[in-house]
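Chemist: My structure is below; once you've seen it, I'll send some questions.
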Amino acid sequence: MNQTLLSKFGKPIERIKNAILALKSGQGVIILDDEERENEGDLVFACENMTVEQMALSIRYGSGIVCLCITESKRKQLNLPMMVKKNTSAYRTGFTVTIEASKGISTGVSAKDRLTTIKTAIADDAKPSDLNRPGHVFPLRAHKGGVLSRPGHTEAAIEIVSLAGFKPAGVICELTNKDGTMARTPEIIKFSENKKMQVLTIQDLIFYIKNINHL
């Protein structure tokens, strides 16, 4: 990871603390993974206070694949089967079947509809019948060991929103360039400056959890 580009956001601990403050104030953050992994940046929002405008931003500037990061216990609560029995994807991303709110939406595609689906899914009393399958939101089941076991965006999103005091449920969407290619660190930094968003890395989170959060 290019630490020179990231230095304007502070050192690793500062980046985590700034991200926590941003999420608490209702903003989103951007999480980068390792250059040797996916080498991508994801927009990340806490499900509980995400707005329609933020969902629209994710759809417009992201890949369009809006994912809901959830725990295994939430997956079981909603009775969501994994998308495939044998996961052969490169990083074993934990896709479940896609979902749609069974009430309160139209086609399920709009920013408002996708956010309604997410708010429905994360409700404490959510039931399997509250969701239709398939749909336009992609739930991702996080590894139970978090980023220490799987250093992916799914786990990182749940870690950072939990550190900010929210339910362990986050929305992620990969940032892309105007030409449809994946945004890399220089483009991601430029985007973050334009949108005034905090940037952190999965390695920052791992360092924080090992050295600060577990003291």
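Positions of Cβ are set from backbone N, Cα and C atoms, glycine also.
Annotation source Swiss-Prot lists D-ribulose 5-phosphate binding site at R37, E38, D42, R150, P151, G152, H153, T154, E174, citing sequence analysis. Residues annotated as Mg(2+) 2 binding site in Swiss-Prot: E38, H153. Feature annotation from Swiss-Prot assigns Mg(2+) 1 binding site to E38. Among the features that Swiss-Prot reports, site 'Essential for catalytic activity' is placed at H136, E174, with the record citing sequence analysis.
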Chemist: Which of D42, E174 (the binding-site residues) has the most other Cβ atoms within 10 Å?
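Modeler: Of the binding-site residues D42, E174, the highest Cβ count within 10 Å belongs to D42.
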Chemist: These are the recorded positions: H136, H153. Which one scores highest on other Cβ atoms within 10 Å?
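Modeler: Output for this query is H153.
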Chemist: Validating a neighbour-count step here. Other CB atoms within 10 A of the CB of P151 (D-ribulose 5-phosphate binding site): how many?
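Modeler: Neighbour count, Cβ to Cβ under the 10 Å cut-off: 19.
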